[in-house]
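Chemist: One structure is given below, represented as structure tokens, and several questions about it will come after.
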Amino acid sequence: MRFIMPIKYKRMLLKLSGEALMGKDSYGINTGVLEFVAGEIKELVAMGVELGVVVGAGNIFRGMAGASKGMDRATADNMGMLATVMNSLAMQDALERSGVITRAMSAIPMQSICESYIRRRATRHLEKGRVVIFAAGTGNPYFTTDSAGVLRALEIDADIVVKATKVDGVYDKDPMIHDDAVKFEHLTYDDVLRKGLKVMDAAGIALAKDDDKPIMVLNMSVAGNMKKAALGERVGTLITA
């Protein structure tokens with residue numbers, strides 16, 4: 001049964017960092033975190049939010065890290081994209097075990113594991129109330145999953161990109177290291193690019209700017225944050241024109 005609530009963002013693209021799925025572990029997927037996120041998503045779906053999800057792969061393999069150690073960059077990025085498929089399948093499993101109908105769609109065809117990404121089919125899944133998890137990034141090397149998240153948000157005409165991380169917004173420096181880090185409540189795309197803030201890569205910010213797609217950065221581990229985001233309540237950092 002769906003609740004009638006004053007939803008500001010009817011269709012959302014949720015970008016989950018792979019590192020956040022580790023929880024307090026040093027590698028891989030923390031099942032407790034996975035189940036928590038599934039519960040938060042289930043609440044969004046019950047509200048009537050149409051949700052697309054892009055998951056990173058930093059908990060398993062990061063292409064840039066492989067390239068920095070001498071690997072061919074395209075090969076390393078391909079490995080990273082495959083790692084996102086693993087995370088996407090884990091997320092799909094957690095959601096379906098919680099009763100949320102979910103479809104994983106991969107930008108790299110692998111029909112025996114999940115659907116191939118087709119924009120019109122993805123949109124139809126969303127219209128039917130299914131959560132769609134977009135795996136394998138953009139399907140091309142040299143693009144981060146942050147850029148993939150913004151790209152998919154534009155393609156499905158999402159109202160907002162919500163980047164869920166381990167911190168409660170955007171700071172002028174890493175709050176995990178610096179106690180005097182200052183949090184921003186609101187930023188413009190140009191602020192992010194000019195200040196070199198580590199929100200997401202410049203390509204993703206530029207893509208959002210071109211389409212005037214708002215980005216919200218919030219702490220994934222705080223219960224109710226994603227619900228607040230959908231309702232338009234102030235949480236985390238909002239990035240707009």
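Backbone N, Cα and C atoms are what each Cβ position is placed from, and that goes for glycine too.
Quick paste of what Swiss-Prot says about this protein:
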- Lys15, Leu16, Ser17, Gly18, Gly58, Arg62, Thr165, Tyr171, Asp174: ATP binding site (BINDING)
- Asp77, Thr138, Gly139, Asn140, Pro141, Tyr142, Phe143, Thr144, Thr145: UMP binding site (BINDING)
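Show me how these features fit into the structure around them.
Modeler: Within its own chain, Gly58 (ATP binding site) has Ser17, Gly18, Glu19 as residues 6 or more apart in sequence whose C-beta sits under 8 angstroms from its own. Secondary structure at Gly58 (ATP binding site), taken from DSSP and collapsed to helix, strand or coil, is coil.
Summarising the environment of Asp77 (UMP binding site), the number of other Cβ atoms within 10 Å of its Cβ, over all protein chains shown, is 24.
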Chemist: Going along the chain, which residues six or more apart from Gly139 (UMP binding site) have their CB under 8 A from its CB?
Modeler: Met81, Ser106, Ala107, Ile108, Tyr117
Chemist: Of all the binding-site residues given, namely Lys15, Thr165, Asp174, which is spatially nearest to Thr145 (UMP binding site) at the Cα level?
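Modeler: Closest candidate to Thr145 (UMP binding site), judged by Cα separation, is Lys15.
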Chemist: List every residue in the same chain as Lys15 (ATP binding site), at least 6 positions away in sequence, whose Cβ is under 8 Å from its Cβ.
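Modeler: For Lys15 (ATP binding site), the qualifying residues are Val53, Val54, Gly56, Thr145, Asp146, Gly149, Val161, Val162, Lys163, Ala164, Met200.
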Chemist: What number of additional C-beta atoms lies within 10 angstroms of the C-beta atom of Thr145 (UMP binding site)?
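Modeler: So the number of other Cβ atoms within 10 Å of Thr145 (UMP binding site) is 31.
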Chemist: To test your reading of the UMP site: which residues beyond Asp77, Thr138, Gly139, Asn140, Pro141, Tyr142, Phe143, Thr144, Thr145, same chain only, put their Cβ within 8 Å of the Cβ centroid of those residues?
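Modeler: Apart from the listed residues, the neighbours are Gly63, Met81, Gly137, Ser147, Ala148.
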